[in-house]
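Everything on this sheet refers to the single structure shown next.
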Amino acid sequence: MKVLILIMIIASLMIMGVEMDRDSCVDKSRCAKYGYYQECQDCCKNAGHNGGTCMFFKCKCA
């Protein structure tokens, strides 16, 4: 039982790490209301993601 709980804790920490990496461009590139979406795409691709979009003036990597 303790092993199962330990595995679940480790898995949740790994998932949290992936989510944090996915948003690695949020602080680097704030999106303007109009345009500048290419900067977000480039930032996410340089960080190793497939691309990104602007949501609520923040860059979200996919």
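A Cβ is built for glycine as well, from the same backbone N, Cα and C atoms used for every other residue.
Sequence annotations record features per position, and here Swiss-Prot assigns disulfide bond to CYS25-CYS43 (among others).
In this view, CYS54 (disulfide bond) is surrounded by 19 other Cβ atoms within 10 Å of its Cβ, with every protein chain counted. According to Swiss-Prot, the disulfide bond annotation covers CYS31-CYS54 (among others), on the basis of experimental evidence.
Look at Swiss-Prot and you will find CYS40-CYS59 (among others) tagged as disulfide bond, backed by experimental evidence. DSSP assigns CYS59 (disulfide bond) to a strand in the three-state reduction.
Among the features that Swiss-Prot reports, disulfide bond is placed at CYS44-CYS61 (among others), with the record citing experimental evidence.
Per Swiss-Prot, the feature signal peptide maps to 1-20; the stated evidence is experimental evidence.
Swiss-Prot lists LYS33 with the feature site 'May represent the binding site', giving a curator's inference as the kind of evidence.
According to Swiss-Prot, the site 'Key residue on the interacting surface with the channel' annotation covers MET55.
Nearest neighbour of CYS59 (disulfide bond) by Cα distance, taken over the disulfide-bonded residues CYS25, CYS43, CYS44: CYS25.
DSSP assigns CYS44 (disulfide bond) to a helix.
Checking Cα-Cα distances from CYS25 (disulfide bond) against the recorded positions (CYS40, CYS44, MET55, CYS61) with a 10 Å cut-off leaves CYS40, CYS44, CYS61, in sequence order. Between the listed recorded positions, namely CYS40, MET55, the fewest other CB atoms within 10 angstroms of a CB are found at MET55.
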